[in-house]
Amino acid sequence: MADNKGTENDWFLVEATDCEETLEETSLGDLDNVSCVSDLSDLLDEAPQSQGNSLELFHKQESLESEQELNALKRKLLYSPQARSADETDIASISPRLETISITKQDKKRYRRQLFSQDDSGLELSLLQDETENIDESTQVDQQQKEHTGEVGAAGVNILKASNIRAALLSRFKDTAGVSFTDLTRSYKSNKTCCGDWVLAVWGVRENLIDSVKELLQTHCVYIQLEHAVTEKNRFLFLLVRFKAQKSRETVIKLITTILPVDASYILSEPPKSRSVAAALFWYKRSMSSTVFTWGTTLEWIAQQTLINHQLDSESPFELCKMVQWAYDNGHTEECKIAYYYAVLADEDENARAFLSSNSQAKYVKDCAQMVRHYLRAEMAQMSMSEWIFRKLDNVEGSGNWKEIVRFLRFQEVEFISFMIAFKDLLCGKPKKNCLLIFGPPNTGKSMFCTSLLKLLGGKVISYCNSKSQFWLQPLADAKIGLLDDATKPCWDYMDIYMRNALDGNTICIDLKHRAPQQIKCPPLLITSNIDVKSDTCWMYLHSRISAFKFAHEFPFKDNGDPGFSLTDENWKSFFERFWQQLELSDQEDEGNDGKPQQSLRLTARAANEPI
């Protein structure tokens, strides 16, 4: 039999023969002697084991994961250092210069930053999906790895810088609401500026929190218009609210982030355009939608521009006479106060609302102030001094203590009887008794005493520092009493030369600005000075024209800084009421003022529903 080619079976035969011999030598009795019980005592290790530093291992794993996420978010370079191949890493470790040497042509094209991809507008993916859904983390990690390795595709860049987040939110808002956020709101540059009404758009709000937001906002607001806008690619909370107190943007965002678990960068907050008809119609139409939650009374600026009855009221033209009547009744003669306080009335007065809508506000304010001054000047001219004082006292509310005035005069060692006689002659305007001088050392209360009296009587102040102007005496034409505070030697020289008739109480000619010189009877004049005019012979012609009293002692103050003598309007009112007869002021019943007088001037016709 021929051997098989390529095979040799000698070794196998020998091995089989050895195995047979071994089995024959082994007897069955020996197999019975083999113990079938195994020793398992060392199988379980019951020795105490050390746990090891598992916290350190967990910390390393967390750090590595955070570093990987951070590298995935880098946008400035498309290729992260961790994306290099092993060969590139070896070359860079050998020499940095070798890395720049390459046979193939390098592509020097710079990739531009892709702000918006086709499928994503730039916001985080978490804002596009419901937070209650389960998200496969491995898929997100794979996608981020593709981005930081240079693969710029449909995924795009999901995180924008802070300056671009607002642009992305505005774009999302316009796509969903159908109108631009800036068309509904006016921009506040400062976060500290306060407003009562706010328009809010909040992204990232869970749907199960909407009902709780409605309840929580009612404790802070008087009006709420809320809608949870949901589309395929967008979801946000849209609100128009009026708070119980005015709040700044900083306070509003802090309140929203306290109520809702959202980030402040995903909140748009601006005050609404309260004078835009289009914006008012937008809010009015939304309030009637079934998907919008509305709580509270409709805001007045929405009702005024949408409801028919309010539209008819707002169409009434502006009437200057109503504005003049308001300024006259409230005693406003300064243009700045008239403009400000009348603008405040726009919410409740239709004529003030028409004033704000006018393009000639400055002209109306100027004309109003001028007309009020004309009326008040004519009214003051026809009043006697007694009637004028009675009217000023009637404007003071409350009662005081006349003894405070008397104590102060006695403290300054002023004879009370002599002072009352001079004060009576001053108010009556007797010739040669038309000027009352209070002189003495500094800090004795001269100016305080005279200015408190001038404030009660509604007088005017003239200053010698304006004597270079020929109009410096013009305030005396509109006053029942005047004050020249702190007269010095040049002032007394001027009065000795030019103002002797004024000190006599005679008729003088005063040059008025933008008007012809006017002849008036000089009103009673109070003067304070540190100079005793009657003791100086150089002003001997003024001695008979001035009644002088000296304040010798320094004005006292209490430990807490309050004045030792209270020279208030209430105390002066009590003083005049107590010494009305001694000052020879006429009885108001004799002048026809039996009780409070009726309104002396009415510029507008009485309304049909106004009581007589």
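Glycine is no exception: its Cβ is also placed from the backbone N, Cα and C atoms.
Per Swiss-Prot, the range carrying the annotation motif 'Nuclear export signal' out of 94-103, 124-133, 304-313, 424-433 is 94-103. Taking the Cβ of Lys446 (ATP binding site) as centre and 10 Å as the limit, one finds 26 other Cβ atoms among all the protein chains shown.
Between the CA atoms of Lys446 (ATP binding site) and Lys521 (SUMO cross-link) there is a gap of 26 Å. Across the domain 'SF3 helicase' (414-564), the model assigns an average pLDDT of 91.
By the criterion of other Cβ atoms within 10 Å of the residue's own Cβ, the least surrounded of the binding-site residues Asn443, Thr444, Ser447 is Asn443.
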